[in-house]
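Participant: Before we start, here is the structure in question, set down as structure tokens.
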Amino acid sequence: MIKRIEAVINKGGVPEELMNQHKGFSEWDSNVTKQNHQPIVQIIIDGRDTNAVDSDGCRLPTLVYMAREKRPDCLHHFKAGAMNALIRVSSEISNSAIILNLDCDMYANNADSIKEALCFFMDEERGHQLSFVQHPQKFNNITKNDLYGNSSPVLHKVELPGIGGYGSALYCGTGCFHRRKSLCGTKYSEEHKRLWNSETRKDDNRTVHELEEASKVLASCGFEKGTQWGKEMGLIYGCPVEDVVTGLAIQCRGWKSVYYNPDNTAFIGVAPPTLDMALVQFTRWSDGLFQIFLSKYCPFIYGYYKIKLGAQMGYCVYLLWAPSSLPLLYYAIALPFSLFRGIPLFPDIRSRWFIPFAYVFVSKNIYSLAEALIFGSTFKAWWNLQRMWVHRRTTSFFFAFIDCIVRQLGLSQTTFTVTAKVVTDDVSKMYQQEIMDFGSTSIMFTVISTLAMLNLFSLIGVVVKVFMGGLECKDMEKLVSQVVLCGLMVTVNGPVYEALFVRKDKGSMPGSVMFKSIVLASLACLTPLN
């Protein structure tokens, strides 16, 4: 199979012999492109056919290939539009009561995951209330110390199950079992408890050709015009994180949801193997989440008296990722800037007002570290995650905040950025060796390196003043807090300095980025206050 795919890529098209074997391929001729083509539906395996069996003689399920229609003059609504077309076509062909939503870069790891999900839906007391069962996103390429903080054991074992405890688990876009009715806009009613046992599999005597032709209509561009698809039915349009807003809308229609994290992982995918990819992914997520907060779907407004207050607050922990960049940026800039000029920002260490600051800082980090270690992380993995939170908040979240505000002012439109997961062998080798990849001229790396240099210059500056006698002991006591925090910022940015000045491989910081960061940091330090 891999050789066939490589042959198609090298040739730039599907070989004629394969096109003759599968009629679906024949519709992809030289006159169509991925952004301009007719709806294509092919039933590759008909589950009704008793002769459709595997090598062990077991009946095969229905397998359908679908490519929804796309035209340059019609909005296709990215992943949400694709999902809605799949929902309609599957309702025409099988109309099964439960739908599994799984991204193309994930695979099933536990054969019993379907049975386990059905146990929730078929529970006699609460099963009829459930809209979806969400599994965590797990990855098969996480390094020993989770270099880019992708695995997040605390997130999957504490935070998301905690929100699920309110019956409002977040829909994360993949690894999720849905009740078809709830996904298609139906409001919750106690009647569903009675109707569950009366649901039967769709009995359709139409031929394969007739089913395909009927399905093509549902996958056409014009089908959704004048309907509630993308509004009250299916996945909601107009948001980069269509999954989260759709899950919230479903819960506000009265349905409950469950976050299920079994010991035997149900589905496994691929995590971004470079820093640039990871930051781009978080930019899209935080942009879309903040967009939800600023829209009519804000949990405190849209979910008022529909979901519990704890669930509303739980949603907002993630919806407010983007504006959380502002306080960290302040600390990353104002703290070294004031330290360099000897301006104290915190109380003297001998003052009793210093105690609350020290208590919050120490207790927060001790709790965070203990929590991570309890749930299977290593100390280095926890430290890597702290570094990634600094990078995310000062780049991804900040750019997402700006983009979202600009969009709210009507100066730009919603876009959808697909996170690439394919890299070269050299990049993959660096990732496996837990060496951070900075080999890009992305503006995010300019921001990261500039902030790192600013903190380094300030720390060096205050050390020089101490040794040169330019800073008295009395003044130094007022700056101890800033020295500690600035020192931590320098420590957490260790890989950045290494990429700037030590490394010579392809993952080192480009010369243009290094030049810009040094110039910007120097200007910030030398800028007069008045």
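Heads up, the Cβ atoms here are built off N, Cα and C, so glycines get one too.
Note: TrEMBL annotation is automatic and uncurated.
Here's the feature list from TrEMBL:
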type     : residues      : note
BINDING  : LYS79, ASP103 : Mn(2+) binding site
DOMAIN   : 1-41          : domain 'SEP'
TRANSMEM : 315-333       : transmembrane segment
TRANSMEM : 353-376       : transmembrane segment
TRANSMEM : 443-467       : transmembrane segment
TRANSMEM : 479-497       : transmembrane segment
Participant: Under 8 Å between C-beta atoms and at least six residues away from its ends: which parts of the chain pack against the transmembrane segment (353-376)?
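Facilitator: For the transmembrane segment (353-376), the nonlocal Cβ contacts are 153-154, 157-158, 346-347, 382, 385, 481.
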Participant: Let me know the most crowded of the binding-site residues, choosing from LYS79, ASP103 and counting other Cβ atoms within 10 Å.
Facilitator: LYS79
Participant: Looking only at the domain 'SEP' (1-41), report the model's average pLDDT.
Facilitator: 70
